[in-house]
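> Annotation comment: TrEMBL describes 101 as active site, phosphoserine intermediate. The annotation Mg(2+) binding site is assigned in TrEMBL to 51, 162, 164, 321. Among the features that TrEMBL reports, Zn(2+) binding site is placed at 51, 326, 330, 367, 368, 439.
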């Protein structure tokens, strides 16, 4: 079950030969030396976001991916591993050391750091305080791309009103205001709008794929898939059916709404202008529990989205979220989280197959990590440490700093010698007891390839990501990359206006240069 060093030795004698490692390193070196910077304008951007996909998750998912292919796992190359440029993003929020998905999404999509639990607003807005929203809204790269004439889309494995996708189109003092039924009285009287309503009102989004049907339909409205399930029924108090409203708004265009895989597969991308696909009342099922006859995989939804969006000659922006990596971690079900990460990596491969690297900037990153550790001294391919702890009991290599896995009986940890720790529902042990495991606060990795991917090297604030993407694609107010591409002899100069969520104009750059000259004269 666990694999062994003996099994590895029987199948991989080449690793004992120094020439194996020298040759491997030389190949990597030649690849690095032949790398050329791609300074094209990014016609398209595909942003793959692994919610909660910290570096430990990436490493563990890499091993799992290999083991699913009957290998030891450690030597596996993920699709995201092949990206030539890698950076680290700092994920803290304005008010908290360790962030949530709402504040982080606002950073990497809107280019502005903000407060915990808020989406599409600056840090001048307060969590849950409706009146603090007004005048503090910030727009996202999805809107900048749409305003530039590009097609735009959202694909997620959570509800489409969840924190990550919401930050691309909504402005809300609370990430939990999914439907009008979630609005407190103060928000209703203050004129704040629920996130589902903003999905229709704020930006004309061409492709919307995920879950969240119950936030779109009137209270008591039966769900088409689970008609007798009261929890799946519509939740809206205003009696609106936002799905029907969305369809009526697309008059004169080919707009399709689907809620199952049969209808989804029947959607012809060549003949479809708009697609809304909502496969569950809330979040989608975990990939290992998904019914493939009812719900498509994230690879399939990514493909459909790209095929619809790429018809636009001006290009597109697509956000693809593997949102349930995070939820698997919160449950401390590491197997579930890692299978979600593998599914996202498969979607990355599909995205690369469908796009041209010369004109498409592809990014894979995370919003935050988790209190998730990879520890011990296990043999290759193993999940348990061969060395028992001081309590004379074994432990798994994957554990959590906190969470529901803290179980102490008679002052002893559970004995896992006869427990299948590979089971999808196995809850990893944790140091601190919590109902739900928490996020982690360390930097997250970002992988980039395509036009201007070299902008994403180094260590930077998370909000930089939106500005670098916008610069690469010439969307937002900063058009300097397009100007530099048109006039190769001119070096682009970029400044960021702290009062705006979009990159600044050339006037700002001139002002900065003039200030520099003035200061130089004064100091000399």
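Each position is counted from 1, following the chain as shown.
Cβ atoms are placed via backbone N, Cα and C, with glycine included.
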> Taking just the CA atoms, what is the gap between residue 367 (Zn(2+) binding site) and residue 51 (Mg(2+) binding site) in Å?
6
> Identify, in sequence order, the residues in the chain of residue 162 (Mg(2+) binding site) that are 6 or more apart from it along the sequence and have a CB within less than 8 Å of its CB; answer 'none' if there are none.
101, 156, 175, 210, 212, 283, 323
> Counting only residues 6+ away in sequence within the same chain, which have a CB under 8 Å from the CB of residue 330 (Zn(2+) binding site)?
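Listed in sequence order, they are 52, 370, 403, 436, 437.
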> Let me know how many other Cβ atoms fall within 10 Å of the Cβ of residue 164 (Mg(2+) binding site).
27
> I'm trying to understand the geometry here, so how far is the Cα atom of residue 326 (Zn(2+) binding site) from the Cα atom of residue 51 (Mg(2+) binding site), in Å to the nearest whole number?
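Per the Cα atoms, residue 326 (Zn(2+) binding site) and residue 51 (Mg(2+) binding site) stand 5 Å apart.
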> Using a 10 Å cut-off on CB atoms, tell me which of the binding-site residues 51, 367 is the least crowded.
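Per-residue Cβ counts within 10 Å for the binding-site residues 51, 367 bottom out at 51.
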> Using the alpha carbons only, what distance in Å do you get between residue 321 (Mg(2+) binding site) and residue 439 (Zn(2+) binding site) once rounded?
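Pair distance, Cα basis, whole Å: 17 Å.
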> Provide, as an integer number of angstrom, the distance between the C-alpha atoms of residue 164 (Mg(2+) binding site) and residue 368 (Zn(2+) binding site).
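Between the Cα atoms of residue 164 (Mg(2+) binding site) and residue 368 (Zn(2+) binding site), the distance comes to 12 Å.
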> To the nearest whole angstrom, state the Cα distance for the pair residue 439 (Zn(2+) binding site) and residue 51 (Mg(2+) binding site).
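It is 10 Å, counting Cα to Cα.
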> Within 8 Å of the Cβ centroid of the Zn(2+) site residues 51, 326, 330, 367, 368, 439, which other residues of the same chain have their Cβ?
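Neighbours within 8 Å of the Cβ centroid, excluding 51, 326, 330, 367, 368, 439: 52, 100, 101, 325, 329, 366, 369, 370.
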> 10 Å Cβ neighbour count around residue 326 (Zn(2+) binding site)?
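I count 30 other Cβ atoms within 10 Å of it.
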> Residue 51 (Mg(2+) binding site) to residue 368 (Zn(2+) binding site): how many Å between their Cα atoms?
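For residue 51 (Mg(2+) binding site) versus residue 368 (Zn(2+) binding site), the Cα atoms are 7 Å apart.
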